[in-house]
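Next up is a structure, given as structure tokens.
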Amino acid sequence: LLQDAHNSSVLNNHVLGAFLHSGLVAGLSRPVEIQFWHDMVLDASNATCVFWQPGAGVGSTGSWSREGCKTTHRESTVICHCDHLTYFAVLLLPSGTLTPAQLASLTYISTIGCSLSAAATLCTLLLCCFSSTPCPHPSCRQWLRDNTTRIHMHLLATLLLLNCSFLLSTLLATSTEGLCRVTAALLHISLLCALAWMAAEAFHLLLLLVKVYNVYIQHYLLKLCLFAWGLPTLAVAAVFVFKSDTYGYHTISISEDNRNATIVPSTRCWLTSLPAHYATLCYAGLILLFNTLVLGKVVMILRRIGWQKGQVRKDWVTVLGLTCLLGTTWGLAFFSFGVFLIPQLYLFTIFNSLQGLFVCLWYITVHRRSKPGSISNTSR
């Protein structure tokens with residue numbers, strides 16, 4: 001019953017029928033409003049309001065149709081406005097659903113990648129600690145170099161925290177609700193802080209290349225710490241205190257079989273609120289936009305230097321690689337729709353789970369190649 005030829009699935013398997021005994025109701029000037037509640041984070045592009053349209057031919061059961069219905073999304077609610085009465089539901093499009101094999105492979109990739117990144121990040125962090133010795137003759141350039149190393153250390157710390165909290169979010173998904181909420185909040189803090197330190201890296205890189213001389217910002221590192229550590233932590237703490245249900249069990253729906261509409265949930269500790277989810281995406285988008293603009297500025301400057309001196313090609317490739325590693329791959333999150341969903345998930349999982357390892361390899365390469373007076377040395 002109410003199963004079309006495509007075996008489409010509906011939200012929570014809930015179908016609502018509304019009729020009047022007086023006859024068919026259609027073409028209403030003031031649409032009726034139907035609300036469907038849920039406890040999962042839905043992709044708005046893959047959840048849409050539909051009604052059941054009986055089949056016209058012999059042997060045709062019918063199909064779901066969107067005609068005359070509009071869809072709006074609020075927190076934990078899908079609202080349908082339709083100009084007629086019949087059977088209504090929220091259709092979950094197949095493009096937004098993973099198979100068990102796909103989810104299992106993505107889980108293995110993320111677990112292995114985050115474990116490697118956590119180990120590599122810890123080793124690189126220790127390397128930074130042993131190599132960051134104070135300079136007996138402070139100057140503007142040496143001040144910038146010292147802060148560059150410290151900024152790298154803060155970024156490495158956030159990546160280490162991000163990898164560890166991500167692994168914990170999966171392990172503690174079966175624990176008590178309170179512990180799961182704390183883990184989800186920790187994961188959210190580490191993600192926001194990591195993105196903020198990527199922006200700090202981009203800003204500092206721009207500062208090094210544009211104003212290497214004649215630059216001084218009082219309490220520079222302290223201000224960066226307040227921006228990259230303080231603001232995200234304060235925001236998440238406020239949300240956790242006043243609206244703790246923003247964090248909790250996040251359900252990923254996967255199709256059990258392509259021939260039926262059964263949905264098997266996979267749970268982890270993460271955001272459960274759509275507004276918080278979209279706010280995080282907007283925050284990441286602004287940082288990626290800033291990093292992209294800095295990347296363009298860096299390319300222009302390094303090309304000009306290369307044309308004048310003809311000796312810094314390897315150096316600007318190193319700096320460009322650093323800038324790409326510290327944010328560009330996160331832009332894949334904005335392609336999670338339609339035919340791009342599955343390839344995007346694999347690329348996003350591979351590149352970003354291994355980001356700590358990439359930074360480790362970059363740091364070792366640049367650290368070994370660094371020479372006094374070179375751009376690679378100042379970017380180190």
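Glycine residues also receive a Cβ, built from the backbone N, Cα and C atoms like all the rest.
Bear in mind that the values here come from a model prediction, so they are computed numbers and not experimental data.
Feature list, courtesy of TrEMBL:
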DOMAIN    1-98  domain 'GAIN-B'
DOMAIN    106-367  domain 'G-protein coupled receptors family 2 profile 2'
TRANSMEM  108-130  transmembrane segment
TRANSMEM  151-173  transmembrane segment
TRANSMEM  185-209  transmembrane segment
TRANSMEM  221-242  transmembrane segment
TRANSMEM  276-295  transmembrane segment
TRANSMEM  316-339  transmembrane segment
TRANSMEM  345-364  transmembrane segment
Find the member of 108-130, 151-173, 185-209, 221-242, 276-295 that has more C-beta pairs under 8 Å to the transmembrane segment (345-364) than any other listed stretch.
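Out of the listed stretches, 108-130 contacts the transmembrane segment (345-364) most.
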Is the transmembrane segment (185-209) packed against any residues at least 6 beyond its ends, judged by a Cβ distance under 8 Å, and which are they?
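That would be 144, 147-148, 151-152, 154-155, 158-159, 161-162, 165-166, 168-169, 215, 224, 227-229, 231-233, 235-237, 239-240, 247, 269-271, 280, 283-284, 287, 290-291, 294-295, 297-298, 301-302, 319, 322-323, 326-327, 330, 375, 378-379.
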Would you mind listing the long-range same-chain contacts of the transmembrane segment (108-130), meaning Cβ under 8 Å and 6+ residues beyond its ends?
149, 152-153, 156-157, 159-160, 163-164, 166-167, 170, 346, 349-350, 353-357, 359-361, 363-364, 367
Which sequence positions outside the transmembrane segment (221-242), separated from its termini by at least 6 residues, show Cβ-Cβ distances below 8 Å to it?
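Result: 147, 150-151, 154, 158, 181, 185, 188-189, 192-193, 196-197, 199-200, 204, 276.
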If I take every residue in the domain 'GAIN-B' (1-98) and average their pLDDT values, what number comes out?
78
